[in-house]
Amino acid sequence: MDSKTFLFFSALLFFSSLSVYAENEEADPGLVMNFYKDSCPQAEDIIKEQVMLLYKRHKNTAFSWLRNIFHDCFVESCDASLLLDSTRRILSEKEHDRSFGMRNFRYIETIKEAVERECPGVVSCADILVLSGRDGIEALGGPHIPLKTGRRDGRKIRTDILEQFLPDHNESMSVVLERFSKVGIDTPGVVALLGSHSVGRTHCVKLVHRLYPEVDPELNPGHVEHMLKKCPDPLPDPKAVQYVRNDRGTPMKLDNNYYRNILDNKGLMLVDHQLATDKRTKPFVKKMAKSQDYFFQEYARAITILTENNPLTGTKGEIRKQCNVANTLH
């Protein structure tokens, strides 16, 4: 082979490889803004409309959608594995102890059905989970957060590894910071995301250890009386309606009042108390207590990072027909 022929074939191989690369890139753009602009241009509007309709009827849905983001995206991939029902052999993530108190999953199906009527088989449950959480944040008075879409749905339940990823409310601040750092969220991001505790309520099961057999001396005495009234039993029934509002002042509003509360020793869970006292997190707690704008800025940044954690895109995964069941089981 002469040198000209060699150069010709070398150039041909080079441009062929570029062409294949370009085709792969085109096939899998990853997460992008307005991913459904051509395939289902009304998708985000439909999701938001459904979120607001459901929120007007059931105020606690917004808390649920917000919590869905944490419990799904933290565990290895933001791929709606949280929504999958248990099988004969595998317990659903929804039924794990770390998911205690989570509810309203049926309303995700309501949103999915509305989207399917417009665009069958196009929009993933993973994107519906993320966007409903985003719109729930806004419904609660939080910031509007532009989020990328293009996620696909996983087929695997991850209950067996859930505890390796999802931090527990009783773990040390070192463990909490480490778990968050593994998904790219820094200390101010952790402080901001835990500000989600400004809305909703905590079941007595999760906080009685701070009241019985002796009251945690770190708790604000004025707040203890209210907590004891709401949680009179040292062994509360997990199925009973025994809760304490996370924020008695603005319980339905995502705001920076949470940080003022925990600085005043009114945090319900151990992680709330640690956030306000640990030298690594306390400076950011003080800053967010003073500035809601700063809280919202860091909150939006951290939510964006979390929702982009290791998504399935392109041809990976699937687009589920129903959010609670993988297509292979249909």
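Just so you know, glycine gets a Cβ as well, placed from its N, Cα and C.
Just so you know, TrEMBL annotations are computer predictions that nobody has curated.
Per TrEMBL, the feature active site, proton acceptor maps to H71. Among the features that TrEMBL reports, Ca(2+) 1 binding site is placed at D72, V75, D79, S81, E93. Taken from TrEMBL, the feature substrate binding site applies to P167. If you look up TrEMBL, you'll see H197 marked as heme b binding site. Per TrEMBL, Ca(2+) 2 binding site is recorded for D247, T250, D255. What TrEMBL records for C40-C119, C73-C78, C125-C323, C204-C231 is disulfide bond. Residues annotated as domain 'Plant heme peroxidase family profile' in TrEMBL: 30-327. Marked as signal peptide by TrEMBL: 1-22. According to TrEMBL, the site 'Transition state stabilizer' annotation covers R67.
Summary of the Ca(2+) 2 site environment: with the site residues D247, T250, D255 set aside, the chain residues having Cβ atoms within 8 Å of the Cβ mean position are S198, V199, G249, P251, M252, K253, L254, N256, N257, Y258. Separating the Cα atoms of D72 (Ca(2+) 1 binding site) and C78 (disulfide bond) is a whole-number distance of 6 Å. It is C40, among the disulfide-bonded residues C40, C78, C204, C231, C323, whose Cβ has the fewest other Cβ atoms within 10 Å in the structure shown. Counted within 10 Å of its Cβ, the other Cβ atoms near T250 (Ca(2+) 2 binding site) come to 18, all protein chains included.
Mean model confidence of the domain 'Plant heme peroxidase family profile' (30-327) amounts to 94 (pLDDT, 0 to 100 scale).
Looking only at Cα atoms, C204 (disulfide bond) sits nearest to D247 among the binding-site residues S81, D247, D255. Report note: the Ca(2+) 1 site is defined by D72, V75, D79, S81, E93, and the residues of the same chain whose CB lies within 8 Å of the CB centroid of those residues, excluding them, are H71, C73, E76, S77, C78, A80, L82, L83, L84, G154, I157, R158. Look at the binding-site residues D72, D79, E93, D247, D255 and count other Cβ atoms within 10 Å of each Cβ; D255 has the fewest. Checked against V75 (Ca(2+) 1 binding site), the recorded positions C40, C119, C125, P167, C231 differ in C-alpha distance, with P167 being the nearest.
Note: the CA-CA distance between C119 (disulfide bond) and H197 (heme b binding site) rounds to 35 Å.
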